[in-house]
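So the structure is just underneath, and the comments pick up after that.
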Amino acid sequence: SSLLLMSGVVVTVGLCRRLARRRLRSRPLLFAFLVEMFSTFQICACTNELSLLGNVEPKPHTALTLTYGFTVLHGLTLAGSACNPCGTLQPMWGGGTSPRMGGLKIAAQFVAAVLARVFMHFIWSLEMAEPHLGALSQGCSSPMQTTEMQAFCIELLFSVVFQLAVLRAESVNPKYRVHLIALLITMLVYAGGNLTGAIFNPALAFSLHADCFYDKFLSYSLVYWIAPCLGKFLILYVF
């Protein structure tokens, strides 16, 4: 049921993106906002569902396999979308995107994060699959299982490694690049998922753990918003 749900989200987002391309090419701002919103919604909704499958046996093989598979799927179906505020900062820093367009895309990413969370909570309330049972009663299921400073350093390091790999892989054939990036993300999730969740995406972090941001805003904004963005700026400065 979970796989069918995530597949349905991917298909629906694909249709919405295609419709936006056909109807909104003459309105670039609205087109950019909607495409970025649809794309980020797909990643956030699927990752919310994947977060419930972490305890499916055999552990952690099932969760890691699904992480790799859906990361490849996202890479193939969401080409041209950043789906990550840190990724949107790069063209803004380099002058390839205006601050207005960059701000619009970042707003779209956070709107999508909220919509994905609301949508998945509605789906979970229907309790159509076993993992959905009791999913809404968890509250702040904190991904931070270490000290705040260590969590900050881990998310900063993972963001640097990920962004550096993305930059270095730009010259690789796209059909191979998505597998390399997916493999890297899977390895980072395996290495640090039990400590911080290995998210390194501010919009995705907010979608997954909004309750934790409400309870401990300063701690979680430092680890899951500031650390990834700082990692991105370090990479941009070096390059």
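A Cβ is built for glycine as well, from the same backbone N, Cα and C atoms used for every other residue.
Under 8 Å from some Cβ of the transmembrane segment (29-50) lie the Cβ atoms of residues 2, 5-6, 9-10, 13, 16-17, 20-21, 63, 66-67, 70, 74, 77-78, 80-83, 101, 104-105, 107-109, 111-113, 115-117, 119-120, 203-204, 207-208, all in the same chain and six or more residues away from its ends. According to TrEMBL, the transmembrane segment annotation covers 29-50 (among others).
Taken from TrEMBL, the feature transmembrane segment applies to 62-83 (among others).
Panel annotation: around the transmembrane segment (104-124), residues 5, 29, 32-34, 36-41, 44-45, 48-49, 52, 82-85, 88, 97, 132, 135-136, 203-204, 206-208, 210 of the same chain, lying at least six beyond its termini, place a Cβ under 8 Å from a Cβ of the stretch. According to TrEMBL, the transmembrane segment annotation covers 104-124 (among others).
According to TrEMBL, the feature transmembrane segment maps to 149-167 (among others).
What TrEMBL lists as transmembrane segment is 179-205 (among others).
The transmembrane segment annotation in TrEMBL covers 217-238 (among others).
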Taking the transmembrane segment (149-167) as reference, the highest number of CB pairs under 8 angstroms among 62-83, 179-205, 217-238 goes to 217-238
Same-chain residue ranges lying at least 6 outside the transmembrane segment (217-238) that approach it to Cβ under 8 Å | 85-87, 89-90, 93-94, 144, 148, 151-153, 155-160, 163-164, 167, 196, 199-202, 205-206, 209
